[in-house]
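K.L.:
Just passing along the structure, written as structure tokens.
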Protein chains: 2
Amino acid sequence: MEEREISKAVIKRLPRYYRYLGELMENGVERISSGELSSRMSVTASQIRQDLNNFGGFGQQGYGYNVKYLYEEIGKILGLDKKHNMIIIGGGNLGQALANYVDFEKRGFYIKGIFDVNPVLKGLSVRGIPIHMLDDLESFIRDEQIQIAALTLPKSKAEEMTALLVKYGIKAIWNFAHIDLDVPSDVLVENVHLSESLMQLSYNITRYEKEHPRS
Amino acid sequence: MEEREISKAVIKRLPRYYRYLGELMENGVERISSGELSSRMSVTASQIRQDLNNFGGFGQQGYGYNVKYLYEEIGKILGLDKKHNMIIIGGGNLGQALANYVDFEKRGFYIKGIFDVNPVLKGLSVRGIPIHMLDDLESFIRDEQIQIAALTLPKSKAEEMTALLVKYGIKAIWNFAHIDLDVPSDVLVENVHLSESLMQLSYNITRYEKEHPRS
């Protein structure tokens, strides 16, 4: 496949394509035109063609897209054909919610352990995933070849923990703490800032109300 | 303030400005130049000036930005100066995690109730927020003037619940279910698709590994 710079906007849409194609496969659909895919996804057909052309196309004139093939190719681009070992830092509600997502495993993300400082949680497990204390963190990351750490800690503890994770060799952090982490350039961070998402909604509500004043 | 179309990219950055300005205020900083704000936020100074110019500026040459004023103005743009009543649909780990976020209240989002179908949860509460059964949903939305519903249900139940919420008058849905909701045009949806965020991370890991092969 040709290598070139792909825009962030395209990359952001890929997981959504992947999800839709997965649903089509589950429903036994073998091929689909960009037009059909477009009406399902509320994206224009030309946008879809353009997006997928970034990866060398996959479509055939008059045939459309082979659903399974496209699904697998997008999966490869997203790195979902590889196994990613993951830990969750923080055994609170959010950490447990993540541990309960079975879908992650289907996509190649294996949650190997949950870490917390609360001794009450020691020895417990969530969906068979054991909760460890922090003493075990360094050896666990090494022995279990952990690549990704999901950070579900309060903001106040997130920085210190990030320094520790980086020191122990973690290369990718899925950050739920409401703070921008300061990491070396070889450590990747993906943020999920829930407050900011809620503020987007609030912005849209405010704009909508301005545009549609109640009579 | 002048009304014009503001790009989605700018809107997406506003909550982050808001967060940084809030932190500056907490630290007693009264004014800041776009240069200083830029180095803290890893955004270029010209980007910051350009973004804030969308809202009529706020900055003064040679003075910089008044932190409190800018914070409050961005807050107004984001609708955070108003009170938003909210319910959480789904009393599982994720629903409980959301109910435990005290930060939401500071931003004007008041979680009034949690709804679930599981009778075991009936009468329980999370941080003082009562868990109700669905029978109460319609009257609760009306009596408590609920504007936003956070949807933390499995995908299989999300569509049916959305139809119900829309019928009962909910105008904004904060959707955590891994599905694109089909709603009337006057209902706003903000999605938090956790799997897709994890896929972005996986994409970046894959790309990084390609660009930096281990020797």
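Even glycines carry a Cβ here, placed using N, Cα and C.
Marked as DNA-binding region by TrEMBL: B:16-55. Annotation comment: TrEMBL describes B:G90, B:G91, B:G92, B:N93, B:L94, B:G95 as NAD(+) binding site. TrEMBL lists B:79-180 with the feature domain 'CoA-binding'.
In terms of burial and nearby residues, how do these features look in this structure?
P.N.:
Across the residues of the DNA-binding region (B:16-55), the predicted structure has a mean pLDDT of 86.
DSSP assigns B:G90 (NAD(+) binding site) to coil in the three-state reduction, placing it in neither a helix nor a strand. The Cβ of B:G90 (NAD(+) binding site) has B:I114, B:F115, B:D116, B:L151, B:T152, B:L153 as same-chain neighbours under 8 Å, each 6 or more residues away in sequence.
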K.L.:
Counting Cβ atoms within 10 Å across all protein chains shown, which of the binding-site residues B:G91, B:G92, B:G95 comes out on top?
P.N.:
B:G95
K.L.:
Using Cβ atoms and a cut-off of under 8 Å, determine which of the binding-site residues B:G90, B:G91, B:G92, B:N93, B:L94 neighbour chain A, and list them by sequence position, or give 'none'.
P.N.:
B:G92, B:N93, B:L94
K.L.:
How does the DNA-binding region (B:16-55) divide up by DSSP, counting helix, then strand, then coil residues?
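P.N.:
The counts are 28 helix, 2 strand, 10 coil.
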K.L.:
Given a separation of at least six residues and a C-beta threshold under 8 Å, show me what packs close to B:L94 (NAD(+) binding site) in the same chain.
P.N.:
B:T152, B:F176
